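Asker: Checked Swiss-Prot, it gives:
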- H83, H182: heme b b562 binding site (BINDING)
- H97, H196: heme b b566 binding site (BINDING)
- H201: ubiquinone binding site (BINDING)
- 33-53: transmembrane segment (TRANSMEM)
- 77-98: transmembrane segment (TRANSMEM)
- 113-133: transmembrane segment (TRANSMEM)
- 178-198: transmembrane segment (TRANSMEM)
- 226-246: transmembrane segment (TRANSMEM)
- 288-308: transmembrane segment (TRANSMEM)
- 320-340: transmembrane segment (TRANSMEM)
- 347-367: transmembrane segment (TRANSMEM)
Amino acid sequence: MTILRKTHPLMKMVNHAFIDLPTPANISGWWNFGSLLGLCLIIQIASGLFLAMHYTPDTLTAFSSVTHICRDVNYGWLIRYMHANGASLFFICLYLHIGRGIYYGSYSYTETWNIGIILLFLTMATAFMGYVLPWGQMSFWGATVITNLLSAIPYIGTDLVEWIWGGFSVDKATLNRFFAFHFILPFIIAATAMVHLLFLHETGSNNPLGIPSDCDKIPFHPYYTTKDFLGMILLLAFFFTIVLFFPDLLGDPDNYSPANPLNTPPHIKPEWYFLFAYAILRSIPNKLGGVIALIMSILVLALLPHIQTSKQRSLMFRPISQFLFWLLVADVLALTWIGGQPVEPPFIIIGQIASLLYFTIILILMPIAGIIENKMLKW
């Protein structure tokens, strides 16, 4: 008798991706974050769907519809806070996933890595548009400031901004189209994640040693399904601790005030997961230069496969590169802190130094460290 999971056209796809998939025997907990990101996406789509049933994308009623969800809908407060904090959880997992990819040299799988960068851009776009929807003060002013950055594009900038706004300022048309895009993008993310997996399974997973593991593979199920399940339980425990005990820990108090175009908040800043990029944007006095630096802060990841000089893939046995990696992590945390501070001394110069260090580590110091380590090993 043939096994159904190996013959049925649909089951066969699932089998090859999650059951009989040959997986390196030595991958660590850092490889859990792919499946955890899948869980985050499911949480976001499910909670978002229920929120969309009660939300109205209109400048007059958007804020009160969110209040209505929290007060009058059964467990509406829970769904709303799950969705808001789910975004933070998504980005925590995303940044850890990218960090693991850099540390263990997973960027050598160029197609998988590039699709991952596209996924990061899509997720950032979705999160930004979602932040606008409650129509609080920070929603409105965040949307105004960030969309206005496009006006830095020479010649067509102003027309482009007004086209995106659907008028001469952020208004009803903007809110409506942002809601439409915010609804459709997670499904595009899900489809792109499938392509990400497709490319990954063409090459197989990397491992902590960064060496080929074809001679030592084990089936994904039961070894890694149980490991992923444990990761999911721990993640959900952390998630619900935040949602149920500290739901507003990661949000901005200004967003509890309805949007008012006549009253600018003292400090306009995005959600915490964009602060590092926002700090890089602000560290350059020129508008167009700042926008280019902002985009490059993410796009620089696409250069990693092309500027690797070391003959070892992983950083596991490369102490100089390890030091630079953790310096980069500290630098990103410093940028995140600076992004939330007002634009005044000493924060301006700290932000500029941290921004310069960010690009210097990735583009100059890491490749030089790779060459030095090759020489030390007489390679």
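Even glycines carry a Cβ here, placed using N, Cα and C.
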Asker: Decide whether the stretches the transmembrane segment (288-308) and the transmembrane segment (347-367) have at least 3 CB pairs under 8 angstroms, with pairs required to be 6 or more apart in sequence.
Answerer: yes
Asker: Counting other Cβ atoms within 10 Å of each residue's Cβ, which of the binding-site residues H83, H97, H182, H201 comes out lowest?
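Answerer: Ranked by other Cβ atoms within 10 Å, the binding-site residues H83, H97, H182, H201 bottom out at H201.
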Asker: Quick one: Cα separation, H83 (heme b b562 binding site) versus H196 (heme b b566 binding site), in Å?
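Answerer: On Cα coordinates alone, these residues lie 24 Å apart.
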Asker: Residues of the same chain, at least six outside the transmembrane segment (33-53), with any C-beta under 8 angstroms of its C-beta?
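Answerer: For the transmembrane segment (33-53), the nonlocal Cβ contacts are 69, 79-80, 82-83, 86-87, 89-90, 93-94, 96-97, 100, 182-183, 186-187, 189-190, 193, 228, 231-232, 235-236, 239.
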Asker: Could you state the CA-to-CA distance between H97 (heme b b566 binding site) and H182 (heme b b562 binding site) to the nearest Å?
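Answerer: Cα-Cα distance, H97 (heme b b566 binding site) to H182 (heme b b562 binding site): 23 Å.
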Asker: Any same-chain residues 6+ apart from H196 (heme b b566 binding site) with CB under 8 Å of its CB? Would you list them in sequence order, or say none?
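Answerer: Listed in sequence order: T112, I115, G116, L119.
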Asker: State the residues, same chain only, that lie 6 or more residues beyond the ends of the transmembrane segment (347-367) and have a CB under 8 A from a CB inside it; answer 'none' if no residue qualifies.
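Answerer: Sequence-remote neighbours of the transmembrane segment (347-367) are 279-280, 282-284, 293, 296-297, 300, 303-304, 307-309, 321, 324-325, 327-328, 331-332, 334-335, 338-339, 341.
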Asker: How long is the line from the C-alpha of H201 (ubiquinone binding site) to the C-alpha of H182 (heme b b562 binding site), rounded to the nearest angstrom?
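Answerer: Each residue's Cα considered, H201 (ubiquinone binding site) and H182 (heme b b562 binding site) end up 29 Å apart.
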